[in-house]
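Here is the structure we will look at, set down as structure tokens.
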Amino acid sequence: MTSSHRLLLENAQQVVLVCARGERFLTGSALRSLAVLEGASVVVGTDGLIKAVGPAAVIQKQFSGETFEERIDCSGKCVLPGLVDAHTHPVWAGERVHEFAMKLAGATYMDIHQAGGGINFTVEHTRQASEEELFCSFQQRLQCMMRAGTTLVECKSGYGLNLETELKMLRVIERARRELHLSLSATYCGAHSVPKGKTAVEAADDIISHHLPRLKELSRNGDLHVDNIDVFCEKGVFDLDTTRRILEGGKKMGLQINFHGDELHPMKAAELGAELGAQAISHLEEVSDEGIAAMAAARCSAVLLPTTAYMLRLKQPRARKMLDEGVIVALGSDFNPNAYCFSMPMVMHLACVNMRMSMPEALAAATINAAYALGKSHTHGSLEVGKQGDAIIINASRWEHLIYQFGGHHELIDYVITKGKVIYKK
């Protein structure tokens, strides 16, 4: 007998829908009270999409004669949407644990960068690594993210800086997209740094004349799927003009603009992003008041990275100001050799403590708003009928434990589910 549905999550103490009216993002007063059902159940169909969410008794009656491939008793537990990590650099070779010691001794990000460390160190090792080596380490990192509750990950290239290695990184992301259970959003980040021996203008020319046309060709053939274009818009890296040229080139070929801006110096990157119709801008530690207003008006998402501010001892992004002005605030781990954090629950905790976000604001920023930053909030980021059945089940009677708890989340998370299939069970 064939099952009529894939999964029933029944009798949960709480089911956190996040949204209940098909919202693509949450801002302002909508963030104060997320949609939460007490004593509820969730049904996922064989197509991997959510078929019903509602009070347990109603669901039980509605689906009484039907069968399920799997039923999970969620009594005393909470069901939340799978978490969305809106900013990661997960494909690379070359550990940089030695740089952590330098930072603790007082070296800045730019000190290390200028001494040949930082991105340059990783670039050398990533260029030398085989595709298989990169895939194996990437797969392990995704596994760690998944065990901390992440089901949709933005993944950047950017440690090649030459066409050959950038494509190698994007092929690794593409292979993972096809073979693994997590949802991935691929970002071409060839303008992550200026390669040795080139000026920023020469690097931009190379990207526009060679990298982007090749990407377009590979996308057209179905060999690669790239979603976003990224540039590190920063003093001493890519200035506003070269950033504009590269982003416009990517936009012309249908890529969403999603870039690093206003991190170490005020660059007016937020104003540029709003003008170009960017989907998202990350970092924003040094964003201007005008930039915040422009992003709110343009519905351009701010991807804030509390791990980076914490590890580099930067000033915190002004999350409260952005939230109060109506900016769509999202969160990311910024996982990279410089910020070695896999865990979105940890990111949410830091966002609450260091950036003064509330727990509902942080959860929305790590679900529906992070999905919006990737242009995927119509399919991901909330537990609503018709959306992908990505969820986590935590062994706690209130959902806030996911953020309140500082570390040890693999003990709290009992199940991780994508498209209605259990991909991790404690």
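Counting begins at 1 with the first residue displayed.
Yeah, the Cβs are placed from backbone N, Cα and C, and that goes for glycine too.
Site annotation (Swiss-Prot): 4-imidazolone-5-propanoate is bound by Tyr159, Glu263, and the candidate from His192, His225 recorded at this site is His192.
The Cβ of Tyr159 (N-formimidoyl-L-glutamate binding site) lies under 8 Å from the Cβ of His89, Val91, Trp92, Ile119, Thr122, Val123, Thr126, Thr165, Met169, His192, each of these being in the same chain and 6 or more residues away along the sequence. Here the Cα atom of His260 (Fe(3+) binding site) is found 14 Å from that of Asn336 (N-formimidoyl-L-glutamate binding site). For the binding-site residues His192, His260, the ranking by surrounding Cβ atoms (within 10 Å, all protein chains) places His260 first. Asp334 (Fe(3+) binding site) and Glu263 (4-imidazolone-5-propanoate binding site) have their C-alpha atoms 13 Å apart, to the nearest angstrom. In this structure, Asn336 (N-formimidoyl-L-glutamate binding site) is part of a beta strand by DSSP.
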